[in-house]
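Undergrad: For reference, the structure I am asking about is given below.
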């Protein structure tokens, strides 16, 4: 029976097609957030990590974890102790904006006063960024607190003085290299200054910043799929910021600045759409930092005053003619919200191989219930293969064209699969000299085939079949292989050629005797036909052919050595059966107990001897140092006796001798000191 390989090829084709498809934020991102942002002991970690986790859940609408009890005390402590214009204070206020911890009003008043002073004394962009950002957060959390900047124009001018002619910004007044990442922070800071200003700022300064933004967008870099991004080449004490963090900083800065000024920025909607495609093209990031950056950035693009990007996506990019699949298209915002009234048109569809247009100027049907735009491709002349579909999104309302960015034409790769017809299958044995057919048999390549053929080195083997698509066109699979396997496990693989829909291979055994190493015997035949668009790809055993080849000459090539089966080397070995010696007969229990009693008798005699000799402690040293040596000497004797007991119970001879050696040296030292003291005392008594 043929073994279906279609599932493998469909998976590979799906992976290829997804390379140029942009999908809005979906449940995949929510699942990733729940996996990556998981609290430990009721906390997400630092305040920065807590904000990134909480902000991601807030945007995605996930309400899973309550970390208020463990995080709020840290927030209050940081608010009370952190210096102004610091990152810790900024992170604490960002976390408090989401958790709404119980913070006394006078704390906000004190912080605001310090921040206003710190902003006036700021000497770097980060000082301005954290200071102004913290005041903006206090304004949102405590509206009654006075956070206005009385000298907003001076602050605005100080920050603007860090800008460069190319739209980039310096991190500090002493810096030399400009940074795109710093430009994003500066724009976000300037937006905060405008919102905190006690009076309206000079519009000429705001106009200059608008021009800087246009210059900054001239430095965008582009991928082939139309996505745009910013990259920062600066490497200094602030570290290198990659394309994701740099582009995110610019997006936050530009959208924040556009939200607080009158009028719109002069930026094309296609560039905003290109930035959205860059973040969505990442897919679902595998680490928490990138996931937060992606979600936070697309949230800024979801609702901005410049241009809201609309994303065209396809639920499936592999369509089956056999299953009568319809082409379905969705249009949403970057966070998956519904799009305004619009129409999706198929501008052109052409084969990626032959570049022949197969479909054009088709309007997709809209289903209000599923929000899908669909097209029946079975009614067209689209056949099996790989195609490029070009779509255009047309907004119904003219005013929506000023709000949303559709991006012109969107090209999407599509695979169309189907069932391939296999006809006129036959295999023959031909006479080499006359070309006449000696044996000819029909094949059923869709079912079980078991052939038994025989041939010699003067004959040929011919295999022939046809492949056609459901529309009757010729089909050329990626793989058409015939394999002959000798009974000694020597394999030979041949590529089957084609002419249009006809596939044929002719094996002349006379010219193949050296390749076959003159090995006569049974050769199993196996045919493989596979393609990513072929739903009935197969690998089928055709049977075998018995070859009679001449004897190998003396210098003929030998078959290559066959690989050794790893299971024969590393597999389980044969079980070893061993008969252990029977347990020797032991003496009776009564005899063992009697022997134990005899071994105790010397110890009892030792104790009786001590009593008869009148052992006492009268000569035990009374002064501190000699008494200590005497005590250590007796402890050493006890340790030796304990060592003998342990040797009897569990220790081996070598371990016991090693320990006894150390104890012997110790006893020799303390015993010598003790006996020396007793001898000196005895001498003094005799002389007295």
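Any Cβ shown, glycine's included, is placed from N, Cα and C.
TrEMBL: automatically predicted annotations, no manual curation.
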Undergrad: Labelled transmembrane segment by TrEMBL, one stretch among 564-584, 627-647. Can you tell me which?
TA: 627-647
Undergrad: Excluding the flanking five residues on each side, which residues at least 6 beyond the ends of the transmembrane segment (627-647) place their CB within less than 8 Å of a CB in that stretch?
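TA: Beyond its ends, the transmembrane segment (627-647) has Cβ neighbours at 620-621, 653, 656, 659-660, 663, 666-667, 670-671, 673-674, 677.
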Undergrad: By DSSP, what is the split of the domain 'Ribophorin II third' (424-547) into helix, strand and coil residues?
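TA: Across the domain 'Ribophorin II third' (424-547), the residues distribute as 4 helix, 75 strand, 45 coil.
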